[in-house]
Amino acid sequence: MNWQVERVLPIEAELGECPLWSTAEQVLWFVDILAPAIHRFDPKSGEHQVFPQHEEVGCIGLRREGGLVAAMRSGVWFLDAQGKPQRKVADNPGEASKSRFNDGRVDPFGRFWCGSLWEPQDRNGGKLCLLDKDLQLQVVDDDVQISNGVAFSPDRRWVYHSDTPNHVIWRYPLDPVSGEVGKREAFRRFSDGLMPDGAAVDAEGFYWSALFDGGRIVRIDPNTAEIVDEIPLPVRWPTMVAFGGEDLKTLYITSSRENRSEEELAQYPWSGSLLAVRMPVAGQPEPLFG
């Protein structure tokens, strides 16, 4: 397929992450973890708002009662509709001086999954956490270095989760009624050094993963774990994808320029920008927390 990748927002995010489409507002939310800031982009009007934050913000979700839920360095916070922190609802279960939340998403049961990374990167010190609707935070997995790629199958039976520097995508079985989480299994391991970063699952159940330092997005078959399609990108460091637009057939892609040399940025001048590409398949609407 002849993919037409566009630069829809020419910004220079240090570490763009967590694009999130609001079907109610018809806007895209995303974060720049290191700025730190939350962004709101209206693709129809072109309006772009930036809401600075008091600490690194790794991922966000939409709340049923309005506003956002955000996983930050110190813990999980509720924010209002203008991105202003209201209150902290859960502490970071790790060492906040050495770990911060990085990637996450609201699941079909109205819970907020948020994974952290271990900054020294000398061991698997990150955690995959789950905030339930009663605001109780549980650690689902503590054997992870950099948590990424949280996404859910359309039948509510699987949650996917990648560990980027360990080159693996895990998945955990879910009870489709209760949401109870089972024991993880390896979905796909990358033996070629590729690093799976943020991801989204389309309406057909295929997993779209941003390959950090790999310059492309790959579509992975949920039954065989084989790569069945890929989208080459004009950036080398894509971070995460989200389906959006009125028909959920626009794939938005965040990217990074963190710690890149002048030569690298000259070679990839769109680094840090928000990209988009039209898709032949629709995504899933993002669930609401609560």
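Glycine residues also receive a Cβ, built from the backbone N, Cα and C atoms like all the rest.
Note: TrEMBL annotation is automatic and uncurated.
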Site co-member for divalent metal cation according to TrEMBL, given N148, D197, out of E14, E17, E25, E47: E17
Other C-beta atoms that fall within 10 angstroms of the C-beta of D197 (divalent metal cation binding site): 27
Output field, divalent metal cation shell: CB within 8 Å of site CB centroid, site E17, N148, D197 dropped: C18, N102, D103, G149, S162, T164, G198, A210, F212, T239, M240
Rounded Cα-Cα span from N102 (substrate binding site) to D197 (divalent metal cation binding site), Å: 11
Rounded distance in angstrom between the Cα atoms of R100 (substrate binding site) and E17 (divalent metal cation binding site): 14
